[in-house]
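A.B. asks: Please see the structure below; I have some questions.
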Amino acid sequence: MAIRYVRKIGDEVLRKKAKPVTEINSHILTILEDMAQTMYLNDGVGLAANQIGVLRRLVVIDVGEGLLELINPEIVYEEGEQVGAEGCLSIPGVVGEVKRPKKVKVKYLDREGKEREIEGEDLLARALCHEIDHLNGVLFIDKAIRFLDEEEKEQVKEV
């Protein structure tokens with residue numbers, strides 16, 4: 001396992017669409033482990049593979065309920081609406097309000113290659129949407145309704 005460099009805004013890999021994983025092998029599992037370690041070290045709640053320069057459809061998320069590893073995630077259902085603050089390890093110092101579904105259902109493969117589904121609400125729904133957007137070359141700044149000023153960012157940190 002290794003800590004990977006998180007690509008920053010301006011790096012063209014962040015704007016590219018990731019390719020599906022066709023075989024789950026030791027290389028893919030190592031990437032997932034590296035992604036989790038990198039996410040935790042950087043105090044993130046999610047990380048997509050292209051954020052570490054790997055154009056494969058891999059996502060790790062932990063919103064405080066344990067690590068989720070998703071291979072080839074796809075949103076199959078969404079409902080409701082929520083607006084909330086988002087930041088990104090690839091866009092340090094920027095926080096914006098983004099409209100997302102309140103609830104989503106995501107189909108994905110686990111590390112054994114079994115098809116799974118997960119339902120997420122609130123923060124988990126937001127994280128799933130944010131990371132899957134990354135896999136499609138979309139950043140939260142593309143969807144932000146507005147950006148928070150320094151005082152507002154401090155208030156968000158305190159919550």
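Placement of Cβ uses the backbone N, Cα and C atoms for every residue, glycine included.
Got these off Swiss-Prot a minute ago, pasting:
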ACT_SITE  Glu131  active site
BINDING   Cys88, His130, His134  Fe cation binding site
A.B. asks: If you take the centroid of the Cβ atoms of Cys88, His130, His134, the listed Fe cation site, which other residues of that chain have their Cβ within 8 Å of it?
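C.D. replies: So the additional residues around the site are Gly46, Ala48, Gln51, Glu86, Ser90, Glu131, Asp133, Leu139, Phe140.
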A.B. asks: So for Cys88 (Fe cation binding site), how many other CB atoms are inside 10 Å of its CB?
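C.D. replies: 25, counting other Cβ atoms within 10 Å of Cys88 (Fe cation binding site).
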A.B. asks: Counting across all protein chains present, how many other Cβ atoms fall within 10 Å of the Cβ of the residue listed as 'active site'?
C.D. replies: 25
A.B. asks: Between the Cα atoms of Cys88 (Fe cation binding site) and Glu131 (active site), what distance do you get, rounded to the nearest Å?
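C.D. replies: Checking the Cα atoms of Cys88 (Fe cation binding site) and Glu131 (active site) gives a distance of 10 Å.
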